[in-house]
Ligand code: KG4
Ligand code: ZN
């Protein structure tokens, strides 16, 4: 529909410079410039390198997105940007660019939450999210179960990891196995050749007295490292594919088991899975089987929309405009630890606050 909001979204929370353009729930462009190869030799993302790469990629990536979408910047109804959580310096590049474009074009600015964007992106594939939706958010920095009635205002955490995020565990296990960085995609590929039942790795926080919706992957990661170490010490060959498959099975078993239980306990019949780890083929397969058995409708975006991208930010920004949410002010700042409950950073009336501080009265 032509009257649906046309929004450009900018994502720079980690190592992808993402610029997406969305009209309503239709994706028009999803341009991504990644600095992932610049970090590979360090075995993880180096914040300074990521920030510099964002700076260099920002304007060309915005231009590429506009060209692909076939729209002019002046046609936009709003500019959305990831305000947090993420790497402070990296976020700052995106927020500064978004503010500059919003100011120069005289468009409303929406500082949004990266985690809510990972959920909202599914609207581009499967239409508007039903209310309520259960979301399993699994990325390099987070693993959470979130219940949302309205993705523009309300995200309620039911549980989260108490130590490592699921993606972090994939990255660390890949390092132990010498598979490189980032670990998720390569463990996923390697696991296809292995036996998921070969090694019984532990399932964290699944005992009867454990918190129902929290996760723990640190013990699993250590168990994998010890198992591999013992083999190496004994001079035996490490069955890499079996280790990868058994580890992946342990992660996906716990994630899907808890997500389905959270849906059943809360009477929610839609489960959305988002974040980089949602690209995992075994997680998608197991979630589908378990949701089918439980009568739950599963929504998972295609893998390219699960990992960080600008389309997800544009999707949430467009929903903000559609639902008439207040824009952010031009003094929006990046917040590296923005809580998941703050879906967007609304307008702050700094002048009003200053007036009140000086006079003790409301303006
Ligand atoms: O959402 P994302 O792109 O960035 C963050 O917000 O963290 O997630 C990145 C994480 C990394 O840990 C990466 O190894 C993991 O997602 N990942 C995967 C797969 N693709 C990416 N994990 C498992 N299987 C995959 N296919
Ligand atoms: Zn992410």
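Residue numbering: from 1, along the chain as shown.
Heads up, the Cβ atoms here are built off N, Cα and C, so glycines get one too.
TrEMBL names 114, 118 as Fe cation ligands; from the candidate set 308, 324, 331, the record adds 308 to that same site.
Going by what TrEMBL states, the substrate site holds 137, 138, 139, 140, 141, 184, 188, 280, and the candidate of 154, 171, 265, 292 recorded there is 171. A straight line from the CA of residue 308 (Fe cation binding site) to the CA of residue 139 (substrate binding site) spans 9 Å. Filtering 137, 139, 141, 280, 308 by Cβ distance to ligand 1 (under 6 A) retains the following binding-site residues: 139, 141, 280, 308.
Residues near residue 139 (substrate binding site) in space but far in sequence (CB under 8 A, at least 6 apart, same chain), listed by position: 115, 118, 165, 166, 167, 275, 276, 277. Listed in sequence order, the binding-site residues among 139, 184, 280, 308 whose CB lies under 6 angstroms from an atom of ligand 2 come out as 139, 308. Note: the CA-CA distance between residue 137 (substrate binding site) and residue 114 (Fe cation binding site) rounds to 11 Å. Cα of residue 114 (Fe cation binding site) to Cα of residue 184 (substrate binding site): a distance of 20 Å.
Burial estimate for the binding-site residues (114, 118, 137, 280, 308): highest at 118, by number of other CB atoms within 10 Å.
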